[in-house]
Amino acid sequence: MRAPANLVSKRAIIQWTLQAVIGWAVVVVGQGLVVLLADAPPGWLRVTLAVSAVVGVVHVLVMPRWRYRVHRWETTGDAVFTRSGWINEEWRLAPVSRIQTVDTARGPLQQLLKLATVTVTTASAQGPVKIAGLDEDVAARIVDELAATTQATPGDAT
Amino acid sequence: MTQSTLPAAPEFVEPAQEWGRLDARMIVVRPLNELLGLLPLLFALVVVGNVETWRVVIGVGTVGLIVAYGLLSWLTTKYRITDTQVELHKGVLFRQRRAIPRDRIRTVDLTAKLGHRLFGLAAVRVGTGQQERTPGEGVLLDAVTATEADRLRQVFLHRPAVAEAVQEVEETPISRLDNRWYRYAPLSLSGLLSIAVMVGFGMNLANELDFEFSDVAVVRQVFGWLTHADWTAVIPVAAALVLVLSVLASLVAYLLQNHAYRLTRHADGTLRVRRGLLTTRSVSIEEQRLRGVALHEPLLLRAGRGARLTAVSTGLNRQANSSLLLPPAPRPEADRVTAAVLRVPTAPTTARLRPHPPQARTRRLIRAVLPAVALTAALLTLTLTAAWPEWLWITSTALIPLSVLIGLDRYRNLGHTLTDRYLVTRSGSLDRRTIALRRTGIVGWKITRTLFQRRAGLLSITAITAAGNGGYTVPDIAEPDGLALADTAVPDLLRQFLTP
């Protein structure tokens, strides 16, 4: 099976990096404050601090670039095809005839970077198909295209 | 078409109904149901506990609150059925207004608890195609008279039917309870579980009431025996006691849930499951919405050649066991019911399944053994460093060979195949499930490849569907086989993305 045709926006790397940095900063700074300020910090806290600092740096450096190579998407006349993840890959394929709703969402970081996430829901409880880290304009175009084709399809998509 | 020359017939519209209320007897029944559940507690409060004023006050207060709540919820709940939708207004503190389009109704579930049955009432739960993420999202009319409930079922499930006339449609029996099936009851762990629940509840209650077990002579004697007797005598006696109790409890549970079980097909295109001794349920499933069946064979039940059957259908409420098609019964009966329900000559779940590659066995073994090894290692470390007792880690080593067996069995059970109309997948050991999913009910695919799966050339492919769990997985299938399976099961979907 070939990979979906399109890459996501290059700015998605920045978004994933910032997200990871913020997450790890909370963990590391939290532990660091205890080590610095507490009267008698437990000995193992220095160890976990060092470990989380190292793991954090590696994660921040590796994950976004790895993700960028994995995350891909493609829409054809009758299907939406995506690939996401990094260590574990998830490929999703949804026929356009079974799509129920298509929408975009933009978190604060994404607004800053002019990115958007397209969410395609089907009738299943397995969760929607998401394309994260798309350029705003591309996302808007996908939503328009899919909305047009979905409306043209009769039935209740179950 | 000649129709265009004729004047358009006025569309038949059912008269928009007035707002209906739940049956007035619910003012009594709702508190009654609640009180039935609280009966042991109240009994204990009055009889066993040291009667203090505040206990009595709390007891009376609780009863009063429950009765008042029953009255208020009756006053605030009303429903009506218009030609297009079912509307329900309810809520004492938080007002809720809910409307469900009638053409979205997929299943109707009638439940009558003991309190309901004393007054000839039933609660009606309406399931739509939408997946209910939290319980209570659908429409629940708790409760109306049994005749009204039956009328509602008819109105909801066959759209053009006239609302007033209640005529029972023709029904064909598919299966009914055979008393010999009771032998499968002890093979589920429900008995053990209910004992645990009861013991937990009893302990909790005793604790709440400051009840001292040592005050009871029998308990004192038992404890005396326990402390003096040899453990070689204690263990078999305790085991036998638990066994006997759990068998009894599971038999009672089977009786309560599955008494007078009947599965019938109705001329209006629905399947109906009726069962229960004290609480009776009657679940109607629109056949058009049935996407397949799941055959459950937990380890013990499988050892006794039994199986349980549930429906894979859109709109079924997953919380309350609504999807049960067949209680624990012989496997041949399960296969017969499967074939009858799905209207196929032979049950897809009996089809010969294709095994998965040997790499899948390695993965199953690693995943089964690793936790056991990790547990032993952790206990050993704690023994060495924190002076935990030695027997802990020594006993836990026994888990390792067991986990090997489970891993091997998990691999042996892995299998998948395609029949004319169904995708069949089987997995699990302690809870083996065989799913037959209608190929036309597949609304997409999810393929997951973990790092280890990529190295082993495997993938897990999940058929996404609107029914049941929302997706059914074929785990650890060889990459080319998995893609071929998906491509064949739903033609013209995956093909365009396969490398030529």
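Cβ atoms are placed via backbone N, Cα and C, with glycine included.
Since we're looking at a predicted model, the values are computed, not measured.
Averaged over the domain 'YdbS-like PH' (B:74-153), the predicted model reaches a pLDDT of 77. Annotated domain 'YdbS-like PH' per TrEMBL: B:74-153 (among others), in sequence order.
Feature annotation from TrEMBL assigns domain 'YdbS-like PH' to B:411-487 (among others).
Among the features that TrEMBL reports, transmembrane segment is placed at B:27-48 (among others).
TrEMBL lists B:54-75 (among others) with the feature transmembrane segment. Sequence-distant contacts of the transmembrane segment (B:54-75) (same chain, at least 6 residues past either end, Cβ-Cβ under 8 Å): 21-22, 24, 26-31, 34-35, 38, 42, 45-46, 90, 92.
Look at TrEMBL and you will find B:184-206 (among others) tagged as transmembrane segment.
The list of residues near the transmembrane segment (B:233-256) in space but at least 6 beyond its ends in sequence, with Cβ under 8 angstroms from a Cβ of it, reads 181-182, 184-186, 188, 190-192, 194-195, 198, 226, 276-279, 327-328. Among the features that TrEMBL reports, transmembrane segment is placed at B:233-256 (among others).
Beyond the ends of the transmembrane segment (B:365-385), by six or more residues, the same chain brings 392-393, 396-397, 399-400, 402-404, 406-408, 410-411 to within a C-beta distance below 8 angstroms of the stretch. Annotation source TrEMBL lists transmembrane segment at B:365-385 (among others).
According to TrEMBL, the transmembrane segment annotation covers B:391-408 (among others).
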